[in-house]
Amino acid sequence: MKRKEMIKNLNQTNEIVEVCLLAGKIMMQNGAETYRVEDTMMRIAASFGIQESHSYVTPTGIIFSIDGTGPTKLIRIVDRSTDLQKVMIVNSISRKICSGELSLEEAHRQLKELDTKNLAYPFWMQVAAAAIASGCFVIMFQGGWRDFFPAFIAGGLGFYCFVYVHRLVKIKFFAEFLTSFIIGIMSVLFVVIGFGHELDKIVIGSVMPLVPGLLITNAVRDLMAGHLVTGLSKGAEAFLTAFAIGSGIAIIFTIY
Amino acid sequence: MIIEQLVTSFIASAAFVIIFNVPKRLLLNCGLVGMIGWLIYVLFVEYDFDSVLATFVAAFFVAIISQLFARLYKTPMTIFSVSGIIPLVPGGLAYEAMRHAVMNDYNMAIQLAAKAFMISGAIAIGLVFSEVINQIIKKA
């Protein structure tokens, strides 16, 4: 009888750890800050009765351990993107767990479902958003309205290329490089045929949807919060992205 | 002129969060946060303050408004602060730096790159600063 209870207990501990790891993985994959991920995992564990837990979160993997004889588990994070809606949903699931509204099994089921779901806006809408944002950035950077539409087209097509190339080639930096190269070609073309006027403004506006602004600020914030490893690796990712974009444009300038 | 800036920064921030997949009901709030941040930045630069300082103050207020919204809508604060800092990110400067580097004008390139680095630092410090103040207020 006692033995059975122990096994049941162990199984439950296993599931708690799994729920914590899954929640952490979804958050980290979709652009949450490190401290929030750690905090959420520990809160979930605490509300299922595990008072002492330790989590080590990096952009490429999460290690989660509970005190005593319980298991220590590792989960690998392969690709990262930004999907703030998923971060929001995990956040609300963890709130519900903490207030006791969700059982362990139910939370596990909901997280599993969320992990495989695609909540993104339709693709055409994202392209349109990138196009509009590019056009607006031209105006914000003191460009003229006559350059709105060249940037609109270059930015939209650039974003389209980025998603398309990223689907074919899994290496993100290559996709960014190629995209900024294409944006550069288009911008020069627009200026040459007289459709666009200020090359600089058009290029800056249209590469803005690719610029790793979120990554840079998250990196510096993590560094300041004491998550040194995470901060540095996010910083490296941001630097590589900026470098890929810059060199793609740079090639155009050496030719043009 | 300033209205033009307000409208474009609002639309740009709201459009950007579609790429980051923020739920529709929060789009207007995100646009508002972006607009206020950019307004503060533009006003400071207009009155001849340094752009690093302008960025810092703008990021600081972006974080404060984001915290208010986050508490109001019970969501992570990142959702709002991301859209607020997007207009402030020194993409233009980084681009100029890269362009000068390619044209073998390394002096100018390093200058611009240092400035871009300072501005991204200013954004982060502005965000962290307001969070720290928030925590102090909570504890006091």
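Glycine residues also receive a Cβ, built from the backbone N, Cα and C atoms like all the rest.
The annotation domain 'Threonine/serine exporter-like N-terminal' is assigned in TrEMBL to A:19-255.
When Cβ-Cβ distances below 8 Å are used as the criterion, the transmembrane segment (A:119-142) is approached by residues 83, 85-86, 89, 148-149, 151-156, 158-160, 163, 201-202, 204-206, 208-209 of the same chain, each at least six residues removed from its ends. Residues or ranges marked as transmembrane segment in TrEMBL: A:119-142 (among others).
Look at TrEMBL and you will find A:148-165 (among others) tagged as transmembrane segment. Sequence-distant contacts of the transmembrane segment (A:148-165) (same chain, at least 6 residues past either end, Cβ-Cβ under 8 Å): 123, 126-128, 130-135, 137-139, 174-176, 178-180, 182-183, 186-187, 190-191, 195-196, 201-203, 205-210.
What TrEMBL lists as transmembrane segment is A:177-196 (among others).
What TrEMBL lists as transmembrane segment is A:236-255 (among others).
Note on the transmembrane segment (A:236-255): residues 59, 172-174, 176-181, 183-185, 187-188, 203, 207, 210-212, 215-216, 219 of its chain, located 6 or more positions outside it, place their CB under 8 angstroms from a CB of the stretch.
Here the domain 'Threonine/serine exporter-like N-terminal' (A:19-255) returns a mean pLDDT of 87 for the predicted model.
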